[in-house]
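Take a look at the structure set out below.
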Amino acid sequence: MVGVNERLVEICYNSTWGLVCDDQWGANDNNVQVVCKQFCFESGEKGKICPNVRDGIFWLDEVNCTGDEGRLDNCAHNNIGEHDCTLAEAVTVICSTNVCLEGTRCTQDGNFACECNNSYTKDETGYKDIDECTMNVPNCTKHSMWKNIQGSFYCMCKPGYSCGEDGYCTDIDECAMNTTHNCTNGTSECSYECAMDTQNCTRNCSKCVNTPGSYFCMCCLGYTGNDCEDMDECENPTLNNCDVNAMCINTCGSFSCMCNDGYFGSGTHCELCNPEKPFCLGYTKNCTDIDECALGLDDCDENAICTNTEGCYICTCREGYCGDGRNCTVSDASTGIRLVHGNETSGLVEVLHNCEWRSVCDDYWTDEDAKVACRQLGLLPYAAGSYRRGIFRDGEEVQYWLDDVQCKGDELSLFDCPHKDTHNCGRRERAGVHCLDNDDVGIRLVKTTTLYSGIIELRIRNEWRSVCHDKWTDEDAQVACRSLELPSSGAKKEINGKFEPGEKVIYWI
């Protein structure tokens, strides 16, 4: 048989392995039982998958066992090699429950039998491993020891010894291999790591002392243990001489002492600060407070106010700025506006006030309010659209700064428009806008008589419309000429229909 679970059945004839055809196997379960019994299994069943056999010859076909046979080739069958089968008909079986216990092997000498493996014995309880080590069977050399394993044993050098080419164990001189290293566990394996200068070795050993089969390390001052690890003198008051009014600071191989605030001295001796004792921490020599703000010793932001305190100072951002005092950013209501849950030109409106971003309620929210918001955002206010109730809605909790905003459309900031600082709005009443950027707008001259004169039309969202001449001035004409990239100096307005084409006209502004 070959494979792991479902196995292909083969027999050997004239020193050649050949296949068995599955004819009669589905109707005769005895065939499977004989095969499985031949390999020391209690039972089995015919395989369920088509074997992936690419070549081979068939030795047996039309096999018909009674169940008492000890070998498959003892069952009734066609003449050896006589068959009408294809490779897809090669029989497979699934055997289960091996009757041979651990430490035994299955033999096939006309019938199956379980025999002890070497290094196993049998008693009334079953088969057991022979521990050669307890029987003094191993012939291990000096400075070595034997290790029993299931069904066998092996010899190994004791810790601190290595196996030479002659098979004998010799002492490892850990100190000679690397006198500046100590190892993590002190074993012979670690000695090799020291010689190789691997990363789990340290350099805190002042002297390595070799012993038969081992070594020990004399650590440098401030280090302890087999690994010469740093000794934390601060954890044990008997290992440091810091004053009771000082802080102990552990360092590699040593420690240092620093007097607490309000005390001065070397750290091993600290005295209470008073006007007659100099060098108090945080104070001048006569123990008076240092004004860091006045002396320019602070690190406050240029847009912050420095306030001196006893032994310290505080930084506070100026009005109109936000931050921790060391970093302050602008919080001007005229520029504190942004769009969220959208893109660069459309989304929900939030304004900055008292260093906090909050929404605008959509009560009374119109396109005129949207124009002001777009202008404040630095976008084009023309054809700005307002959005209310449910557009861009989301499930987060919302806070508001402005409500009942009622702009005329020419204001520079939403805070310049009439509004309420209190609100009665829910989380789904956030105001939104859709603004234009430069890519959404164009300008051209139509009905021209020359290159420099004609009727002005604006393109907004791919639609061209005219501009009404109400309150149209020379200054407006000059702006239009600059937008057209034409000379603007001396540009004059033209009104009263001088270029009017006569057809129906639609206006943008």
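Every residue, even glycine, has its Cβ placed from backbone N, Cα and C.
Just so you know, TrEMBL annotations are computer predictions that nobody has curated.
The feature domain 'SRCR' is assigned by TrEMBL to 1-96 (among others).
Positions annotated as disulfide bond by TrEMBL: Cys21-Cys85 (among others). Cys21 (disulfide bond): 22 other CB atoms within 10 A of its CB, across all protein chains. Cys21 (disulfide bond) falls within a strand when secondary structure is assigned with DSSP.
For Cys75 (disulfide bond), the same-chain residues lying six or more positions away in sequence with a CB closer than 8 A to its CB are Asn30, Asn31, Val34, Val63, Asn64, Cys65, Thr66, Glu69. Taken from TrEMBL, the feature disulfide bond covers Cys65-Cys75 (among others).
Residues annotated as domain 'EGF-like' in TrEMBL: 197-229 (among others). Across the domain 'EGF-like' (197-229), mean pLDDT in this model comes to 61.
Of all the Cβ atoms in the protein chains shown, 22 others lie within 10 Å of the Cβ of Cys219 (disulfide bond). The disulfide bond feature in TrEMBL is assigned to Cys219-Cys228 (among others).
According to DSSP, the domain 'EGF-like' (230-271) comprises 6 helix, 18 strand, 18 coil. If you look up TrEMBL, you'll see 230-271 (among others) marked as domain 'EGF-like'.
Summarising the annotation, TrEMBL assigns domain 'EGF-like' to 289-329 (among others).
Per TrEMBL, the feature domain 'SRCR' maps to 337-436 (among others).
The C-beta environment of Cys361 (disulfide bond), restricted to residues of the same chain at least 6 apart in sequence and closer than 8 Å, consists of Tyr400, Leu402, Asp403, Asp404, Val405, His423, Cys425, Glu429, Arg430, Ala431. Positions annotated as disulfide bond by TrEMBL: Cys361-Cys425 (among others).
Sequence-distant contacts of Cys435 (disulfide bond), defined as residues of its own chain at least six apart whose C-beta falls under 8 angstroms from its C-beta, comprise Thr345, Ser346, Ala370, Ala373, Cys374, Leu377, Leu379, Leu380, Pro381, Ala384. Summarising the annotation, TrEMBL assigns disulfide bond to Cys374-Cys435 (among others).
The Cβ neighbour count for Cys407 (disulfide bond), using a 10 Å radius and every protein chain shown, is 23. If you look up TrEMBL, you'll see Cys407-Cys417 (among others) marked as disulfide bond.
Feature annotation from TrEMBL assigns domain 'SRCR' to 443-484 (among others).
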- With neighbours defined as other CB atoms within 10 A, the best-packed of the disulfide-bonded residues Cys65, Cys85, Cys374 is Cys374
- Item | Residue counts (helix, strand, coil, in that order) that DSSP gives for the domain 'SRCR' (443-484) | 10 helix, 20 strand, 12 coil
- Query: Does anything in the same chain, at least 6 positions from Cys417 (disulfide bond), have a Cβ under 8 Å from its Cβ, and if so what?
  - Reply: Asp369, Val372, Val405, Gln406, Cys407, Lys408, Glu411
- Task: Name the secondary structure element type, per DSSP in three states, that contains Cys374 (disulfide bond).
- Result: helix
- Note on the structure: Whole-number Å distance separating the Cα atoms of Cys85 (disulfide bond) and Cys219 (disulfide bond) is 81
- Query: For Cys228 (disulfide bond) and Cys21 (disulfide bond), what Cα-Cα distance in Å is obtained after rounding to a whole number?
  - Reply: 73
- Task: Using DSSP with the three-state reduction, classify Cys75 (disulfide bond) as helix, strand or coil.
- Result: coil
- List the Cα distance (Å, whole number) between Cys21 (disulfide bond) and Cys219 (disulfide bond). 77
